[in-house]
Amino acid sequence: MGQFRFLALIVAVLCFSVALFLPTADEPDQDSYSVPLNQSVNTSQPPSSEMVPSDIRLTPLPQPKRIHYMVKVGDTLSGIFAQLGVPYSILQKILSVDLDHLQLDMIQPGEELELMMDDMGQLSRLIYHMSIVEKAIYTRENDGSFSYDFQEISGEWREILFSGEINGSFSVSARRVGLTSSQVANITQVMKDKIDFSRSLRAGDRFDILVKQQYLGEHNTGNSEIKAISFKLAKGDVSAFLAEDGRFYDRAGNSLERAFNRYPVDKAYRQITSGFNPKRKHPVTGRVVPHNGTDFATPIGAPVYSTGDGKVIVVRKHPYAGNYLVIEHNSVYKTRYLHLDKILVKKGQLVKRGQKIALAGATGRLTGPHLHFEVLVRNRPVDAMKADLPIAKSLSSNQKTSFLARVSEFDHLVQANQQEVALDET
């Protein structure tokens, strides 16, 4: 009996000792990592490295991001997209919706592109910051296509008088007082038939230029419009004033510009196959896809004419617009000619109204040969067939009254400025 009790005591001691080394239900296994169910977890931040065993690697979830890219000299859109890892197929979709706007073809070094990437690393929105008050927005839709939107802040327009004397060339003298190269080009274009800028100007000749400039706060947006031009030369005074119809006249109200033509093609090719329609809807998606121009049924090789005097500012080949060109007629009017077979002028060339500038074609994305023609007033498309274009040769009596009042205001402004300068010099 005593021997049996002794053996039982030994067994009890051994069982108790083993139990001390067994893990309890509440003690985690050191070879596993788990999160209890139904417990709130902050998925935006991974657990600290102290909580995670060294043999387990955590990959953070992709997050939406914005990429700000400053365009450099020599950049191309395809090169920028490739550099940022955006497929060329996406660029094609964006260029397709940009066909009726061609904003992306006007990108310049120093301007900004903003790309918004979703949490899968795909481009969801492209924003082209054209200026501090203007931006073109391309947004990916549910079907994978892109839509276009243009946003603009009105800002404040101020009239500023730039005055100076000729010392060297007009271009150098004008930039010295604060005029930009673009403004100088507009002035010389308007006055080309009145002043020989290479021979007529002499040192000491005076100029006064009234410019309407856009500001956002105290920041100049770069958008401007020439309102009045005056040269006091040794041989006499020459001036030009912008009227409400977008054309320049001398101080007596006589036009300095030849009238516009509405049609860029011969009478035989003036059949319109698709008119201007800013509210045109896509037949499948139902989204508004504007048609910002007028399509003429032209065969390949039909002559295309400039509708007004101006300067060729764009000559380009586009995957959807085809071969196209843009003519700047003054600071208000521009015209575009798309799907051309052959372009007969060069960028920077001055052209006359009625001059043959191209041959119609079928380049780019289109269903058949035609000419797509656009008129832009202050960079906004208008219906070339209905818009109030500068086709009249003189001002009406009502127009002339308000015009002459503006001329008088300008003269008083110049006189006041000269008096102020004279006081400063005494």
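Just so you know, glycine gets a Cβ as well, placed from its N, Cα and C.
The stretch that Swiss-Prot tags with region 'Disordered', taken from the ranges 32-55, 272-295, is 32-55.
Going through His219, His339, His372 against Swiss-Prot, the one listed in the Zn(2+) site together with His291, Asp295 turns out to be His372. Comparing the binding-site residues His291, Asp295, His372 by how many other C-beta atoms lie within 10 angstroms of each C-beta, the top residue is His372.
Report note: the Zn(2+) site is defined by His291, Asp295, His372, and the residues of the same chain whose CB lies within 8 Å of the CB centroid of those residues, excluding them, are Thr273, Ser274, Gly275, Phe276, Asn292, Gly293, Thr294, Leu338, His370, Phe373.
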